[in-house]
Protein chains: 2
Amino acid sequence: MEKYEKIPKGFKFYGTHVGIKKKRKDFGLIVADELCHAAAVFTKNTFCGECIPIGKENVKDGKLQAVVVTSGIANVATGKTGRANEYKIMEKLAEKLTIDQENILPSSTGVIGPQLPIKRIEEFLTQEVLELEQNYENFAHAILTTDQRIKVHSLKVGDATILGIVKGSGMIEPNMATMLAYILTDAKVDKEVIYPMLKAAADQSFNTISIDSDTSTSDTVAFLASGHYDVEQTALQAGLNQISKELALAVVKDAEGATKTMFVTVKNAQSQEQAKNAGKSIINSPLVKTALFGNDPNWGRIAMALGKTEGLLFDQNKVEIYYGKYPIFSNNKEEQQNSNNITTYIEQNDEIYLTIDLHQGTESFQVIGCDLSYDYVKINSDYLT
Amino acid sequence: MEKYEKIPKGFKFYGTHVGIKKKRKDFGLIVADELCHAAAVFTKNTFCGECIPIGKENVKDGKLQAVVVTSGIANVATGKTGRANEYKIMEKLAEKLTIDQENILPSSTGVIGPQLPIKRIEEFLTQEVLELEQNYENFAHAILTTDQRIKVHSLKVGDATILGIVKGSGMIEPNMATMLAYILTDAKVDKEVIYPMLKAAADQSFNTISIDSDTSTSDTVAFLASGHYDVEQTALQAGLNQISKELALAVVKDAEGATKTMFVTVKNAQSQEQAKNAGKSIINSPLVKTALFGNDPNWGRIAMALGKTEGLLFDQNKVEIYYGKYPIFSNNKEEQQNSNNITTYIEQNDEIYLTIDLHQGTESFQVIGCDLSYDYVKINSDYLT
């Protein structure tokens, strides 16, 4: 696929260094030629960043024309000054791009607490010409914190294109990772269905991953449709779901210090929610995560994590635990004959598939996590070095 | 205090090596001269050990005469064979000690999955004379896994003594830590009040600590009263509370790989439960824990962890965050003038006190956690080395 074929019609990009970070790009824009139908989902963290309430307000009418991202400072816990700074940026931008301020979605990611260097940003926006580009690369770089790489996926649905750009995980400074994802399409999407479409896709993708169980204060996933092509809605939803899953997986693959990815499917639960809760309990268990890092086929920790799931009751006699295709626990006893195969399976694969069969219903859910390594501790404790 | 003054009247102890572990003591007994009033609280993990349902059944009538502990193998996820093995041990013991099997509380801690070496244990119990001792030291050693040290506290309430022995945290093999605590007194305690007394003490002590958010499959706290002395109930409850707090703190202090202890108090919440949930969210956050390990005054992560507390709503403008006596966040902004003092405070202390004032009610709760270090990852991922 040619590079420019990946980009849906009607969007331009921008990414540069304005001086929030020391050297790397820290200011990014997505600008649509016309007003788009749009939707966004946001962090549930009560201590949310100043961008979050502004973004919620601005996307409420189902319309957006631009996204602005600052990286390096999260603009969280910054009070009235932080809120005012965000409005100053949006005001300057609206003027410069001749679009309505109410159609801009702001995002910010980085350290919690400090104020943005607002004077520097305002000077930049006053003095510089913003040369928007066809290519998303500078934008994709401008939104990173300690991500190892830019994370971009695209696909075609009929004539239309869906492009997704995400950042997540990694630190250059001591703060939690923020997940920001922007999904663009030139398909036509009705204002009434764009939010439910995004919500459905996010629930099966971004909401199924966990790197360290810590919910960022700034998470945002936005979906903008420029409306150039008519596409069958089911096909578009399928494409949106796939891009969302690819982006979510890209975040876990770039997780801080991680060496392995684990896919945990809980089968035959009473509800999807029950299956998801059980899966999350497993991928968030420090003991399951450290065992995975050590290539240790320690299924007892999986049993423990399953058992501590809030509100989950089950019959130990019915539970089965698999590594890949190998059962390690069934009929309430260890399947010792599979131990060697499982050890080899874990040692030789970076993607580990675990299946828990509860045998108490018909619903399944898969969640995705990673291991807990020395490097996770290093990245998140090395403040002064 | 003389060593034997620490031991309540009417109890004897035993601890030896029977061959579950390679060399270290792995079999312990507490035996009362007479039937005791007793209560116990157990793990809420659904995937619980085979000892747990037996213990629940046996303590249901409020009476116990002995405790037997095997260490090195947890006897969890071992099915019918595991259950039968536990009964075999208890049967032999009942015969040997001429006490009713129904008055024995069994506990087991260690690796999940394998069966106990029941033949070896039965042979031992058949052949050896169990010479019970006045001193608890061999028992306290016999219940350890990778604990760094035995953890014992005692105090006097009037004429009576309360003695508590706990194990918790540490690994010799790849499995989660179990917390086992035994609290003995020679005070008289009515059968009707012994469980509520223990429950009240446990809720304010053992249930306030977290090392790694993973709930063991075998946790047990038992309280036995041999009934030699009359003591005022309020004084006894106060003593029981104090011993429970000391034992719980001793477990956190011996946490796997930990270098610091954090005491998190959430003040002026709407309920104790709300304050506790918020505190737990903070002490269980990997990002708060790694920051503590790195001596990093990263209060933004505390704000993040507070904000992600399930079901907790608050007004950022009212929240205050303190390190020791220094506020770092209030009136929705950073108190930058305190940054240097706080850095010094964290660097120079092993016990870090955090206070979160929600300003939305009158209830407070303190929880106790620890940092997340390289050694935690090492201890829990080093399987084959």
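If you go along the chain as it appears here, the first residue is 1 and each next one adds 1.
For all residues, glycine too, the Cβ spot is worked out from N, Cα and C.
Unlike curated entries, TrEMBL annotations are predicted automatically.
The structure displayed is predicted, hence computed values, not measured ones.
Record features, source TrEMBL:
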BINDING   B:T145, B:K167, B:T178, B:E256, B:N380, B:T385  substrate binding site
ACT_SITE  B:T178  active site, nucleophile
Chain A neighbours, filtered from binding-site residues B:T145, B:K167, B:E256, B:N380, Cβ-Cβ distance under 8 Å: B:N380
B:K167 (substrate binding site), number of other Cβ atoms within 10 Å: 31
Of B:T145, B:N380 (the binding-site residues), the residue whose Cβ has the fewest other Cβ atoms within 10 Å: B:T145
Cβ packing number for B:E256 (substrate binding site), 10 Å threshold: 27
Three-state secondary structure, B:E256 (substrate binding site) (per DSSP): coil
